[in-house]
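Undergrad: Sharing a structure here in structure tokens format.
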Amino acid sequence: MYLALLVIFLQCSEICTQKRVFTFNAVHIEVQPSAKVENGAPMSIICHADISKSTDFNLQHNITIFKDGKLVFMSVSGKGDARYEVPMARSSHTGDYQCAVEAGGKIKHSDSLHVWVTGMTKPILIAEKKEVFEGEVVKLRCELPEEVPPLYFVFQKMKVNSTPKQKLQEELYRNFSVVEFPVDEGDDILQFDCFGKRRVRFEFETSLTSNKTLITVKEPFIKPTLHIKPSSNITEGKEIRFECSTVVAKMRDIEIILLRNKTILSSVRDQTTLKYSAVATLEDSGEYLCKVEEGKASKTTTHNVVVTELFPKPILTASMNELDEHKELTLSCSIKDFQNASFSILRKHSSRDILLRNSRNLTMRASVNDTGSYICKAEVNRIVKESKPVTIRVYAPVSMPSISVFSGLPEVVLGRPLNLTCCLMMGTPPITFTFYKGNKNKKKIVTNNTCAAFLDKDIRQNDKGQYKCGAKNHHSSGMKTSKVLNITVIVPIRNTSLGSVPYGVVEDGRETTFLCSVEEGSWPIHFRIFRKMDRDILLFERSEHADRVVWQKKEMSRQDTGTYYCIASNRANVSAKSHPITINVILASWQKGVITAFVLIPIAGVMILAVWWFWCKKKNAKGPSMEMSRSALATNSTSEKLSRQHNDGDYYSGSGYIEDGENHMKSTDENKVAAGSGPRLK
């Protein structure tokens, strides 16, 4: 019974489970009336879930709608549909929408849908002031209600018969922007407006233009007037007067400035009139400008003035522009077609001009210190004019030049450049120096020194090295030449080699001769011979006026075995190292004899003893065999004697045996002799 109930319960559970099976087919999102909505129109975003169920049962749906990834709507119901209502669509509702439906632990997302709300709200423009003065600024505020940043604002300034001026402002975090427009000179009635822009995907959308705002501009002062007296026929020497004036609405930091060709002549502050006068000169011709400023506002008036020349500039002439010292120099000042003037001759100086004489002419004995620029001045009716400067150069003769090597020593290393200098004790620049090398020469002009340098890069081994230099300036004495400088060309060391006699192997105690030589190099040459070790040891050094050196080492020892090399150098300061040679010190002949005596003789003695021992051993091995043969022979003889004695009836005992023993020994000795000479017993 219980088993049947259990089976029924399990089947019912399975049937119930099968009844609650569902799956998402799709989730859709749509916009009504369309995906493109006009600004201010109503808009509905609908999310619908398409679900398949095994049976008809209630299923709770959690529906969420997102805009650009941000949650904007959420609904929980037993239906698979949800509606997000927007009564008035704004541009801020433009974006990508997506919905998600979650039920029974399962979730499904719809595709993304782009909604575009076309059009923007009309901006509102507000001006801080309705009336401003020239030089001030107009502060404007433009706002786009219900719009969401980022936004772009375009402000426009318009006036009659003029192209509008625009200012663009980007606002990332607010829906309004504030700008300032300067009020320029001549502005009267100004009109301002603005409009907004926003970026929609890859294009801009523009709003309507805002309300128009009118601004009235007031003048803080009127345009200045400039009066000049006399107004015409102005001649040098006459007084010329200027008067610049204006009318101001309010005296506040007013400044009046008078300029000629952009050069300020005079100025006043907090006054309405400026007065200026001067004695007219030719340089006073030009454009005069009267300028009135207050803050950022300014107004100007211009007037051209022409001054007639009273007399031309004087001309200064010199008897000669270049001359030897101690010669006579005459300076003359004159004005073309004009005589009634006061003249003066001056020498120009960096700090001030030095008056030499109030006269038309000046004659003097020139010295080197008189070199410089001279001018003359002429004065008529308080008008002073200055001539163009005349340059005078007075030359002292050059002294005999001296030529030397820049390094000091009259020598040069082959392959290196030679630096020469040619100097004078006296002589007025500019000086022309000429360097000579044999038949070749090179010129050099020095303008502010009495020395010149010359670089000879073409140094050859067979050069004679004869150099000299000449110098001259504009003095009439001409060129002077130095003494000849002989230069020694030092040839660097090349191909150093080291040899020895005997070479390679030397007997202990013998003398060894080392020869260090070079293939090429100027004398004297400094030779050094080293033995190569952990720290190379200098064994010998000597300077020779030759291309080789010989060093004899009297006695070589076993410790002198090793590697040797030599280094040669000269005044070229370039050392040349030879290839190393190896010397092996061996034993001398008498040392070999002693070693032979102390080593071979004991070996020979040992060998002799070994031979003698072997002979003795062999001899001892032969002795026992002969004794055995002799014993057998003696036994036979004794037996015969005994048999004979028995036969004869003679028998002895005791001492008789001893005698026989003696006889036996004798017999034995005899048998030895017999064995050596007689026939062998059988």
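Note: Cβ is positioned from N, Cα and C throughout, glycine not excepted.
Remember, predicted model here, so these are calculated numbers, not experimental data.
Quick paste of what TrEMBL says about this protein:
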COMPBIAS  661-672  compositional bias 'Basic and acidic residues'
DOMAIN    220-308  domain 'Ig-like'
DOMAIN    312-391  domain 'Ig-like'
DOMAIN    401-486  domain 'Ig-like'
DOMAIN    492-582  domain 'Ig-like'
REGION    632-682  region 'Disordered'
SIGNAL    1-18  signal peptide
TRANSMEM  594-616  transmembrane segment
Undergrad: Using Cβ atoms and a strict cutoff of less than 8 Å, what residues sit near the transmembrane segment (594-616) while being 6 or more residues removed from its termini?
TA: 587
Undergrad: Would you mind giving the whole-number mean pLDDT across the domain 'Ig-like' (312-391)?
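TA: Reported value for the domain 'Ig-like' (312-391) is a mean pLDDT of 90.
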Undergrad: Run through the domain 'Ig-like' (312-391) and tell me, per DSSP, how many residues are helix, strand and coil.
TA: 3 helix, 46 strand, 31 coil
Undergrad: Give the residue counts of the domain 'Ig-like' (401-486) per reduced DSSP state, in the order helix, strand, coil.
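TA: Its residues divide into 0 helix, 44 strand, 42 coil.
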Undergrad: Tell me the residue counts in helix, strand and coil for the domain 'Ig-like' (220-308), as DSSP assigns them.
TA: 3 helix, 56 strand, 30 coil
